[in-house]
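J.: Following this message is one structure expressed as structure tokens.
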Amino acid sequence: MVQLNATVPVIVGVGVVLSSAFLLTYWFTKKKSRPITLVDSTIKVPLKLSETIHISHDTKKFRFALPSENHILGLPIGQHIFLSATIDNEPVIRSYTPVTSDDDVGYMDLVIKVYLKDVHPKFPAGGKMSQYLNDMKVGDSIDVRGPSGRLKY
């Protein structure tokens with residue numbers, strides 16, 4: 001009877017270790033198999049604005065939908081993206097760092113201070129790209145390219 005009581009914890013322990021190993025392997029395999037949005041830094045990917053959240057009087061969070069609900073952005077740590085748009089018949093390109101990581105699936109978030117025109121005397125025109133983003137409606141698209149940057153981990 002004593003041997004039976006001693007083997008039960010061993011069997012339970014082996015079961016816990018095997019279950020943990022299986023779950024970790026499944027989780028890492030599933031995470032790596034997600035399609036990546038930013039594969040080539042020379043190719044622009046149009047992303048649709050899915051939501052705008054007011055954070056303060058001059059700051060907003062812009063959420064952009066990735067190509068599918070299963071996509072991740074694919075932006076390594078230390079890298080940034082470029083947003084490009086035609087504003088007043090001129091190409092405008094600005095770099096931004098998303099606040100989302102590759103653990104966030106299906107969307108990318110940018111937190112941006114909106115520089116409106118005629119607010120600051122040194123910048124009477126305001127920020128071209130931030131005003132463009134501020135004026136976007138849900139469903140509008142903007143071109144995104146990346147990853148870019150000198151830091152690589």
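Quick reminder: no glycine exception, Cβ is built from N, Cα and C everywhere.
So TrEMBL lists these for the protein:
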BINDING   R94, Y96, V111, K113, K128, M129, S130  FAD binding site
DOMAIN    42-153  domain 'FAD-binding FR-type'
TRANSMEM  6-28  transmembrane segment
J.: Can you name the residues of this chain that are 6 or more positions from K128 (FAD binding site) yet have a C-beta less than 8 Å from its C-beta?
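T.: Once residues fewer than 6 apart are set aside, K128 (FAD binding site) is near I87, D88, V92, R94.
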J.: To which of the binding-site residues V111, M129 does the lowest count of other Cβ atoms within 10 Å belong?
T.: V111
J.: Which three-state DSSP class does K113 (FAD binding site) fall into?
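T.: In three-state terms, K113 (FAD binding site) counts as strand.
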J.: So which one is it: of the binding-site residues R94, K113, which has the fewest other Cβ atoms within 10 Å?
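T.: Across R94, K113, these binding-site residues, the one with fewest Cβ atoms within 10 Å is K113.
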J.: In sequence order, which same-chain residues at least six apart have a C-beta under 8 angstroms from S130 (FAD binding site)?
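T.: Listed in sequence order: I112, K113, V114, Y115.
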